[in-house]
Amino acid sequence: MSLGSGLARGLAITLRAMTRRAVTQQYPERMPELPPRTRGVIALFEENCTVCMLCARECPDWCIYIDSHKETLPPAAPGGRERSRNVLDRFAIDFALCMYCGICVEVCPFDALFWSPEFEYATTDIRELTHERDTLREWMWTVPEPPPLDPAAEEPKEIATARKAAEKAAEKAAEKAAEGEGRERT
Ligand code: SF4
Ligand code: SF4
């Protein structure tokens, strides 16, 4: 390729790039629109956590730290046995070690861990990348709503169970009300 044609080709490429629309986004003035399944950070819905330790055991980086203690509860019925349950004392994730594989979110049997698109937690001190339960809970409010079900999809088990229980309760209440009306008439 001669010098002249090389120069012309170079100039043509520069001209093309100059007239193309810029794709740069002016972050942080303009926040990026992230897809709903973005893996920004892991959020904890503490109420669902039973301290089963599955997430901590399955994490390939051993970066989930959980502490708990046992609490004794009185028997559910008179004469029954006392029950014990785990109470969460600490739940922390070290995001300096985390490789965002998502195994913890996948294996949690109680839907206590979720992906949040939140990404603004960069820090200059690596020790500040260990985030405790309060921060993990705050991130819970940034988790997007799940997409609506396909109209032909089966009703989810939890919703079907809750619906059946509500229907039964409504039936019982209606029966009781009818019985009460019958007694009043006689
Ligand atoms: S995303 Fe992967 S590496 Fe990070 S805490 Fe969960 S299991 Fe561990
Ligand atoms: S797997 Fe889920 S329920 Fe079990 S300890 Fe982890 S977050 Fe809690």
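Easy rule for this one: first residue shown is 1, then count along the chain.
Even glycines carry a Cβ here, placed using N, Cα and C.
Among the candidates C101, C108, the one that TrEMBL lists alongside C49, C52, C55 as binding [4Fe-4S] cluster 1 is C108. The binding-site residues under consideration are C49, C98, C101, C104. Their Cβ neighbour counts within 10 Å are lowest for C101. Put simply, of the binding-site residues C49, C52, C108, the one whose Cα is nearest the Cα of C59 ([4Fe-4S] cluster 2 binding site) is C108.
For ligand 2, the neighbouring binding-site residues among C49, C52, C55, C98, C101 are C49, C52, C55, by Cβ distance under 6 Å.
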